[in-house]
Amino acid sequence: MSIFNYFLKKEKKASASVAKERLQIIVAHERNKRQQPDYLPLMQQEIIDVIRKYVNIENDQVSVQLDNNDDCSVLELNITLPE
Amino acid sequence: MSKIIVVTSGKGGVGKTTTSAAIATGLALRGFKTVVIDFDVGLRNLDLIMGCERRVVYDFVNVINKEASLNQALIKDKRTPGLFILPASQTRDKDALSMEGVQTVLNDLAKDFEYIICDSPAGIEQGAQMALYFADEAIVVTNPEVSSVRDSDRILGILQSKSLKSEQGGSVKEHLLLTRYNPERVAAAEMLSVADVEDILAVPLLGVIPESEAVLKASNQGAPVILDQDSEAGQAYLDAVSRLLGEEAEHRFLEVQKVGFLKRLLGGKK
Ligand SMILES: Nc1ncnc2c1ncn2[C@@H]1O[C@H](COP(=O)(O)OP(=O)(O)OP(=O)(O)O)[C@@H](O)[C@H]1O
Ligand SMILES: [Mg+2]
């Protein structure tokens, strides 16, 4: 077995665990989105529009997330302002 | 009391129809009066897998539109006593099924049958939603592969928010059925393992059906693979039926089989 083959084999070995990691991330993300109220995307867009009146930002510089705890919900708003 | 079980997946071609035919046949073999309904409007296929394609006269849509009675449309299985098939329509009209129509037919079937198995079409749109809406339980068919697992999670989301049970504040009982499992490839770390998929989806495991040549053979012959009790796939489906009925059964065919030298030489088949 050449050294080249050895590395090929190694790479193959990792493929199922790469799949698992990617799935865990995307599934968690999509579950989170599912639990959010329907109005959230529109609200996020309006927030972005308001900020844009004052600062020039891109859509991906604003993240909105709603976390449901037992007795209350927390709306987390993260805005990264340009330098 | 009649139980409605939907066989669903999101992703297409993962083994829903194969599973619907096997599970329905298995329940009838165990003595339960069972009907299996093809919800795949426009793409009727369950009839072929059950081997009754030449006997289809009326279909699900005819019954909903009152062009035929339920008794006229139901096909009695020739192999397994107590088993009936309600074929899908071949109409190209995707909206041929109405929620009220489906409900009426299910209510009528519930008077006669102990188990109603609904073979869902692929996707997460109206057809798939119709097939799962009235379900008491769901068998989520998943292949050990990224897109199938992701789609299964989406269909679980729909079961948890857009089913009658969920709207009434309850929940549809979920089962994971992993199909086309290849222990060799899992051992080589090329394929997601049972444990990986269970980890991600967090749904109780109903069974693992190995990738098996017996499935193609069964569909060629029009006899559900569960009747091929020499095959690993057939036996794995029998086990899944036992678990569905609440019995304990050890999971088999998860490990690489040690094939003897002679068998390998002669080309051992699964
Ligand atoms: N355990 C298995 N081993 C080998 N082949 C299988 C297995 N299960 C299913 N197949 C094959 O996969 C293909 C798709 O199966 P099937 O028609 O049951 O899927 P489906 O989910 O109903 O598809 P669709 O989404 O189109 O309705 C068929 O060719 C079938 O023979
Ligand atoms: Mg199908």
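Cβ coordinates are placed from backbone N, Cα and C, and glycine is handled just like the others.
Feature annotations, courtesy of TrEMBL:
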BINDING   B:Lys11, B:Gly12, B:Gly13, B:Val14, B:Gly15, B:Lys16, B:Thr17, B:Thr18  ATP binding site
DOMAIN    B:5-225  domain 'CobQ/CobB/MinD/ParA nucleotide binding'
Shell list (ATP; ref centroid = CB of B:Lys11, B:Gly12, B:Gly13, B:Val14, B:Gly15, B:Lys16, B:Thr17, B:Thr18; cutoff 8 A): B:Ser9, B:Thr19, B:Ala122, B:Val141, B:Thr179
Number of Cβ atoms other than its own within 10 Å, given for B:Gly15 (ATP binding site): 22
Contacting binding-site residues, sequence order - B:Lys11, B:Val14, B:Lys16, B:Thr17, B:Thr18 vs ligand 2, Cβ under 6 Å: B:Lys16, B:Thr17
Sequence-distant neighbours of B:Lys16 (ATP binding site) in its chain (C-beta under 8 A, six or more apart): B:Val7, B:Thr8, B:Ser9, B:Asp119, B:Ser120, B:Ala122, B:Val141
Proximal but sequence-remote residues of the same chain as B:Lys11 (ATP binding site) (Cβ under 8 Å, at least 6 apart): B:Ala122, B:Asn143, B:Ser147, B:Ser148, B:Asp151, B:Ser152
All-chain count of other Cβ atoms within 10 Å of B:Gly13 (ATP binding site): 11
